[in-house]
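Database features, via TrEMBL:
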- 1-65: domain 'PX' (DOMAIN)
- 325-352: domain 'PLD phosphodiesterase' (DOMAIN)
- 777-804: domain 'PLD phosphodiesterase' (DOMAIN)
Amino acid sequence: MANEKRGRRNALPRFPNKPDILVPYEQLNQRRKELEDYLYNLLNIEIYRRNSETINFLDISPLSFVGDLGMKGKEGTVLKRTGSGARTRCNFFGLFECGFCIKCNYFCTSLCGKWQKKHLVVKDTFIAYLNPEDGKVKSVILMDGGFGISLGVYTTGSRSGMQITNLSRHIVIKCFTKRKAKEWMQFIQEVSNREGKDFIQTNPHNSFVPYRSSILATWFVDGADYMSAVADALENAKEEIFIADWWLSPEIHMKRRTSNGDYWRLDKILQRKAIEGVKVFVLIYKEIEVALGINSYYSKQKLVEQCSANIKVLRHPDHARAGVFLWAHHEKIVVIDQSLAFLGGIDLCYGRWDTSEHKLTDLDSIHHSSIYIPSRDKLTNTSSKKVLNCPERHVLLPLAIATNTITMATTRSMPLLPVMDEKTKKDLVLPTDNSLFMLQEKGDGVKCNTPELQRKNLLEVAKTTVDKMKTTVKVKRQEFINMVYASHEADADDVAENKLTLPASDTVDTVDYPCNLERTTKLWLGKDYTNFIVKDFNDLEKPYQDLVDRTTTPRMPWHDIGVLVQNAAARDVARHFIQRWNAVKQEKAKLNSCYPYLLPKSYKDCKSYAPFIKDAKKHNVKCQVLRSVSSWSAGFLDSDTVEQSIQEAYIQAISKAERYIYIENQFFITLASMDKGGVKNQIGETLLKRILRAHREGAVFRVFVVMPLLPGFEGEVGGPSGTALRAITHWNYNSISRGKDAILNQLLEAGIEDPSEYITFHGLRTHSMLNGTMVTELIYIHSKLMIIDDNTVICGSANINDRSMVATRDSEIAVIIHDQDFEDGRMNDIPFLCGKFASSLRKQLFREHLGLLSGKENINLDDAIIKSFYKDVWCARSRKNTELYEEVFHCIPTDKVVNFAILKQYQDKVSLSISDPLLAQEMVENIKGYLVDLPLNFLCNEDLKPAAGTVEGMMPTALWT
């Protein structure tokens, strides 16, 4: 019976036999109903529904009734000339992309091109054509500033021909009649002038999209909150996920201090969503391997290994073919269902996750301050003095039960293991006997001075102790245990051989007993515990192998900013991603059907809902998405086509500032004069003009600049390994205080006796205890943020340098946000309307930098420019903190070091933290917050530019600026 029903359902429906002319007038409605039923039943049969003749008859396609793609526009079969949509093919190393090649391409396509049937589809903001045989999208033409349509023999060579162009594509199609061509042209022009107007018109800042009003926006300070929100958004994705990163680490944990194991690990989240049917598209910068160790190939392979059908990863650029060797894709984007968009300075990679505490150490959460570990290595790269060898005052626990690696310390006698109560025994998780002793790879950073024979004895003691333990808990998730407790990653061969190797070295390491799971979970696992100046990244395929020895080296804290925008603004961010993805698809995977073209969703009725964001953090704003893109990065046909709306927005916002400008940025490379001497961006010049205007008017105007104390490049400041570090330092200081084009020197030359009345430069620093020793480290500022007058914010991936601001270099994305909800405030003790988004972000940053998050001090942050705050709190606290750090730690950079000779003497001095730890501890209790002065005289008597004979010296200046 079931087979009989199935046969009837799939049978060809019966067409009415009676001719239309014989149907009486009163039966026309019935006749219409019979035809509708016939077509309906016909379309219920898959073989007919997908038949190209059926599709042509109905003028439909797989895109016709997809709700989020907008209206069903005009569709139909046309002839497309092959090769008309391709860029010139004879480009070699980027050298031959010239007018001759373009003319050659036009000649070849006109002479040799063939006409093929395609199904053309017009939607509200784009045009696409499909293969009529299988319905797959073969190309997408977004409506943009270069969008246009023309027809006729002069442009196409055919009376019924039509040419459609935008900034990235041009196609030539031929209709079956001239009348059809005119109908197509009229419809496309109407749609582009109506729904596509936002993208075709000239927008503010020459951006590819206009301002969007009534947008919900949220800010995030530091990586912990940002990544947690991104993880929740990924978890709630229903249709598609877009991710674009300069660097992506698949094993990064988006949430920490959870008992869910690797549930919140990025690759696990994406694989889980892919299995659910969500489409995941990832764009990663393809690095030059000899210059960068971010290993994008490994990231790609790791992401697609479990669910390659729904996770697609493209890397770009192919350097030799494109002729792009110096520039990078620098955007940091996460887009969910084209309705939520995260952007800012935070890559989903190692080293970015951090909290407002900016911890320097991570030796499990069990208290370590009472354990003394001698070390011959300096404990911080920005501390001027190496730690002295001291007599051993304490012994170390000999066994780390919870790890698959056993480390021993140099001790004169073996202490007894602590007595465990029954609760501790139940909480304790032990490895199985076969996996207890595992080989530690040489160079993993776990080191020991114990001789080989003594190590064997210690091993026997340790193994005997373990064997005597009465309670062992079955390991349910061995991978999770390795991840949480072990600092390093063991090979599979090591597990099989059950060997233990303890490399000899000058330092010791120890791991405490885990008393329970929550207490011993590290926040930064393996490679995520970083100090970029001490050691750059390598061996990324071993994610849980430590990069630096965390018992002797403090991590470098990371300070960053991200934002979330929703609704139409999220559509704009998605549109940028789609443009880039389709350009890379066209360039690298045109014939690979596994990598589809992406389509932008309609802007009509676009809404989003983010329940994981607290209502208190959502703000109603007006915003515009900004970019720095050019031909190589966005796929424009013309190499002269660029967009640098980020720089234009910066310049306009600075020029219109009335009260203050707050800048947090990784770099400050921008010269304050018309003669820029190798630096092209105009931000420094615009800042200078705005300050001089305030000086002429006698107005109170403040510029706060917060930036890293040192660039985040591996190497020692005074050593041969620090060439790149010194090169960036040179350009930063040339923009600030050295040379005729520096902004402070320009202000002095203009007659301003004290430039600090208008502009000050600061960094961030913190301190801690590492195994009984006081340590300090700078907080690396990676933000790309500007706040103006408590009502305007620019946040994104763009640094203040030419690499980010000049469109032909790195690709960048940002958003300018204007508040639409205001509250009463004061500026220089005068009533002033403050935007809720901008002012709340500025106050949160001030609280963090000034040490006010605990609530123990009550300092009014409403008025940022009044003298009682600017001079007596901001500048005074920064100066006091700087003096305390220099006296206690002898840290660098410092104004006391003006050349390399003094630097060596300064480093040889014993700091107070070593000579008198008790007094030093009393003094650091007076340090409030993280804010310190940027030392403007550091190495001021040295030429920090790379020497001509070095590799860095042979690189073009544009690489550093």
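Note that Cβ sites are derived from N, Cα and C of the backbone, with glycine treated the same way.
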Checklist entry - So what's near the domain 'PLD phosphodiesterase' (325-352) in sequence-distant terms, Cβ-Cβ under 8 Å and 6+ beyond its ends? => result 68, 220, 223, 226-227, 229-230, 233-234, 236-249, 252, 254, 266, 283-285, 287-288, 294, 316-317, 319, 527-528, 530, 532, 537, 556, 558, 560-567, 569-574, 576-577, 580, 600-601, 606-608, 610, 632-633, 666, 782-785, 795-798, 803-804, 808-815, 956, 958-959
Next on the checklist: Quick check on the domain 'PLD phosphodiesterase' (777-804): DSSP residue counts for helix, strand, coil, in that order please.
Outcome noted: 3 helix, 15 strand, 10 coil
Item to check | Mean predicted confidence [pLDDT] for the domain 'PX' (1-65) | outcome: 75
Checklist entry - In the domain 'PX' (1-65), how many residues does DSSP assign to helix, to strand and to coil? => result 42 helix, 0 strand, 23 coil
Checklist outcome for this item: Grouping DSSP H, G, I as helix and E, B as strand, the residues of the domain 'PLD phosphodiesterase' (325-352) number 0 helix, 10 strand, 18 coil
